[in-house]
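As given in Swiss-Prot:
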type     : residues                                                       : note
TRANSIT  : 1-60                                                           : transit peptide
MOTIF    : 102-130                                                        : motif 'Q motif'
DOMAIN   : 133-311                                                        : domain 'Helicase ATP-binding'
BINDING  : Ala146, Lys147, Thr148, Gly149, Thr150, Gly151, Lys152, Thr153 : ATP binding site
DOMAIN   : 340-485                                                        : domain 'Helicase C-terminal'
REGION   : 621-748                                                        : region 'Disordered'
COMPBIAS : 652-668                                                        : compositional bias 'Gly residues'
COMPBIAS : 669-682                                                        : compositional bias 'Basic and acidic residues'
COMPBIAS : 691-718                                                        : compositional bias 'Low complexity'
MOD_RES  : Ser724                                                         : phosphoserine
ZN_FING  : 727-744                                                        : zinc finger
COMPBIAS : 738-748                                                        : compositional bias 'Basic and acidic residues'
Amino acid sequence: MASTVGVPSLYQVPHLEISKPNSKKRSNCLSLSLDKPFFTPLSLVRRTRRIHSSSLLVPSAVATPNSVLSEEAFKSLGLSDHDEYDLDGDNNNVEADDGEELAISKLSLPQRLEESLEKRGITHLFPIQRAVLVPALQGRDIIARAKTGTGKTLAFGIPIIKRLTEEAGDYTAFRRSGRLPKFLVLAPTRELAKQVEKEIKESAPYLSTVCVYGGVSYTIQQSALTRGVDVVVGTPGRIIDLIEGRSLKLGEVEYLVLDEADQMLAVGFEEAVESILENLPTKRQSMLFSATMPTWVKKLARKYLDNPLNIDLVGDQDEKLAEGIKLYAIATTSTSKRTILSDLITVYAKGGKTIVFTQTKRDADEVSLALSNSIATEALHGDISQHQRERTLNAFRQGKFTVLVATDVASRGLDIPNVDLVIHYELPNDPETFVHRSGRTGRAGKEGSAILMHTSSQKRTVRSLERDVGCHFEFISPPTVGDLLESSADQVVATLNGVHPDSIKFFSATAQKLYEEKGTDALAAALAHLSGFSQPPSSRSLLSHEKGWVTLQLIRDPTNARGFLSARSVTGFLSDLYRTAADEVGKIFLIADDRIQGAVFDLPEEIAKELLEKDVPEGNSLSMITKLPPLQDDGPSSDNYGRFSSRDRMPRGGGGSRGSRGGRGGSSRGRDSWGGDDDRGSRRSSGGGSSWSRGGSSSRGSSDDWLIGGRSSSSSRAPSRERSFGGSCFICGKSGHRATDCPDKRGF
């Protein structure tokens, strides 16, 4: 039976008290030595139950993620067979207070390992590392759940590297030619395998670590294995191939780690994993790390792990995102989302690294191509060769371009530090995908932002996602022109601060002359040009996001109104005030505020200016807005990911909104139209289709909505290589072509 380690609090002090009312033989499931404070990080709550008629006792250990080990505790990690304590009581509770983090320098690690960690700036353990350390050093099999981006690689890496280093003694064993691996790590993707390899190599450069995965030549991997290796990290498929080719022998493996075990199932590696485990030595230590625990993972643990200790840093809570990730959600349409995407990157990334996740490879190419006209962007997906993918990732890490558009191949295992922003271009297939996509930012305690793009008809689905993940979105409007100008100016100023003083000298005379002629206007013009705003930016609707349109807000005095407010009554009001506005009005949505009666609607910018010059009847107010108020929700009701019915694919009515170019539908009602519908039935019938496009046709936003679980993409055409590329190649620096088409690929 497995013990369980949960997470009730944040910190523990190196203190342990256990009451011992009786002295009985302890269980084989968990043995603790009480004369030495080796288990001080754990706050233990002992509960026992009898299995059938036997006397086997099953304890439950509860530990905090930030459990603390003192130096004395670390030195006393060995178990003692002399002290016994009672597990038969109903509850033996251990109280603990807050304490400080555990410093690497107090762990008595091998000097070479400690120095390597310090060079990397790793001075304290993260929660998952603290929770795993003691049982891992005891040799326990472990099942661990933790939030993404919390340092799981070093959680198993530090204790295993420590034991390998101590077993090798004077390191001569590390130099023995032809030695077989003692440490095996299985990962579901090439990217995760390479990340684990990098962590181990940087932490223990004196160990020979080899990473094996598909998509590259066998020769180099086989040669490395032949020379002798201490650690093998790889994907199950390639490891099976190497075993069958007799290049990889696992007869001396002492430590096994399955990283992201739940994803092994997702990518179809379950049979390969079980085949590998069947061929490993029975006497070994195994650790399984998984964000979720599907049936296959539980079965795997029962069959191949020996009395595993469950370390759960997520528990029953829904929230699985790392701390420090700010979540936003924004409603878009299929025709406007690419323009909005560029604006979101400008405002929220603030010049930092951004990863945009798409559902399909075609979308990744299209979005990357569209963004590249204004932002340095590259795509990453399964059709790109492994060599090209590695070069693209390295260039992204080095800042040669700032936006990476990727499919879910990049949502797990990518080692990309300092990602400031993650954007979900469509709703993900399920909550777990959302968590792991978002986990590319806010890693290792840093802050980051994630933005979810959705259509108006998917609003309730977003609410379902909030409940399933246990998170909260801040619903935002598209960035305004003012937001773009301010953010762009800030980024240009930051760029100017990086100009070398010697370069400034060459332009000082010209700058002085311009200043004398134009004053600060000269600098303002330079900032505008560098920001990409040589021409004034055009207005944009907050509802449809169409350029050249603006959004107005109409508020009426309920004391002077009759009946209910509806889209039809708004059109009637506009008809009386300015008939042209009624003919050209776009989307209309009612405001979701019981304290007022109001609506927002779209108009072409010039017509809106003319409308605002009209005299508005007393008791009503009409204004142009830059941020949307809460609107009545007319989205589909469903909590089932990927299982929406056909009716959910169209926005629902209810009078909440109407199509643009409302024609004269309501104009003939005259001023009484503003009085509203006389009854609820009339209001329902007037709603029709909730959101129409101008000209009376149905909105593309309704037919092309991305739904969770849906695999269809927008109806735009696939990108053509004949199409002009507006960015610059990050290899040669020249414009007009991508890195994949660069004629200068020497060393690429």
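Just so it is clear, glycine is given a Cβ too, placed from its N, Cα and C backbone atoms.
Taking the binding-site residues Thr150, Thr153 in turn, the residue surrounded by the fewest other Cβ atoms inside 10 Å of its Cβ turns out to be Thr150. Most other Cβ atoms within 10 A: among the binding-site residues Ala146, Gly151, that distinction falls to Ala146. Within 10 Å of the C-beta of Lys152 (ATP binding site) there are 27 other C-beta atoms, taking all protein chains into account.
Secondary structure counts, DSSP: the motif 'Q motif' (102-130) has 16 helix, 2 strand, 11 coil.
Confidence across the motif 'Q motif' (102-130), taken as the mean pLDDT and rounded to a whole number, stands at 87. Following the DSSP three-state reduction, the secondary structure of Thr153 (ATP binding site) is helix. Across the domain 'Helicase C-terminal' (340-485), the DSSP tally of helix, strand and coil residues reads 66 helix, 29 strand, 51 coil.
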